[in-house]
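I'd like to ask some things about the structure below.
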């Protein structure tokens, strides 16, 4: 408290956070069956009971048909009786989402529900480009510009200037000087690498590991590759 | 077909307005019908540099808002036969510029003129975006120092992404680099980035180098575009810029420090 008893002028602190939660895939809309399944599980693996005790859990409803009635209060009761903390729903049909809202249970996003259980439809005709997600850029990338190769490699045949940002789910190759920021493996691919002909980057990152660089760096201005190994970022000279 | 050229930089105080005035005058001296437009709404400067501030009655904003005809706002330059100035408003702010309004003015000017020179405000906000939107070519004015180069790089990126040509997927805006306030002596002493450094950082074709000179200050204060300052290196450098822009070959001048002779050093200049 800054000033007990008086109104604080500081704004309310609201910040984003990322949490890992367990997801329970609901097999049917029958609460009794769920109770039975949990009891079986705990009998078979007594340790699981301890593990799940007081664990927050998200219910995945993708297996529940849209028109099926859902006894959500009873299902939540079963979970609580088994010492779980249901914190949200996902992949719920619109009707089920309304139920959750009535119970003040958040509907979480991610992995959207398919419109209907898909009867084996053939994959849509070849709409995939020859180079899926790859991006080749043949002009300088200027300060303030951002390029992202989603699902593939990014190749830049010119300079990446200070203040520019290039990102790729795969590898990054820069054949001009790399002076901006380069982030490879941004979707978590740890085997991604950055290759450049002149390392002058402000920041390099592979799969979330990053470091900043200064002009005094030993490989400054040299051809280099950047990769991740054992949770560490390695920068080595490209001696070809 | 008229060609629209934006004089831009990102950073302020690097010589955009000086360059706009000198460059537009230079085109007019070559016989081209030229108009130079001030886009810096609220910070009207071009008319001062052109020496026509006492003749401003209507301005660009009046034309956009339908309060005056274009012909009423255009001011004929007193030195060049073919040059007109379209001043901006001192009292409004940049929100008075609307996309439709600017487009209408540009379309009308295209019919009358060979070259339309747009003097952009500093920054990357709506005024600057309006000034560069219609450009066919861009002259990016840069000083030999790191922050100016960085801002020029940013504006080059915006030209490539936000111009009309970029939005319509046409041939990109043709980019020219103009290095101003260049002091070969200070480059030699390591106080300024060299021509080579700037070219290496921006990788944009060089249109010219304007030396740092007191003549620029004299010219601005007298309301004379620098290209009219006879026998000055600045005027010569701007004439070279215009010639290169028109496709002529001119060697770069004023990029070597002036050698001070033995006697001059001994007895002072």
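For all residues, glycine too, the Cβ spot is worked out from N, Cα and C.
Dumping what TrEMBL says about this protein:
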type    : residues                                       : note
DOMAIN  : B:2-150                                        : domain 'AAA'
BINDING : B:11, B:12, B:13, B:14, B:15, B:16, B:17, B:18 : ATP binding site
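Neighbours and distances for these, please.
Using DSSP to sort the residues of the domain 'AAA' (B:2-150) gives these counts of helix, strand and coil: 60 helix, 28 strand, 61 coil.
Of all Cβ atoms in the protein chains displayed, 25 besides its own lie within 10 Å of the Cβ of residue B:14 (ATP binding site).
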Out of B:11, B:16, which of these binding-site residues shows the lowest number of other CB atoms within 10 Å of its CB?
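Checked B:11, B:16; of these binding-site residues, fewest Cβ neighbours within 10 Å: B:11.
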Other residues near the ATP site, CB within 8 A of the CB centroid of B:11, B:12, B:13, B:14, B:15, B:16, B:17, B:18?
B:9, B:19, B:122, B:141, B:180
Per 10 Å Cβ neighbour count, which of the binding-site residues B:12, B:13, B:15 ranks highest?
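For the binding-site residues B:12, B:13, B:15, the Cβ with the most other Cβ atoms within 10 Å is B:15.
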When you measure from the Cβ of residue B:18 (ATP binding site), how many other Cβ atoms are you left with inside 10 Å?
27
For the domain 'AAA' (B:2-150), what's the model's average pLDDT?
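Here the mean pLDDT over the domain 'AAA' (B:2-150) amounts to 95.
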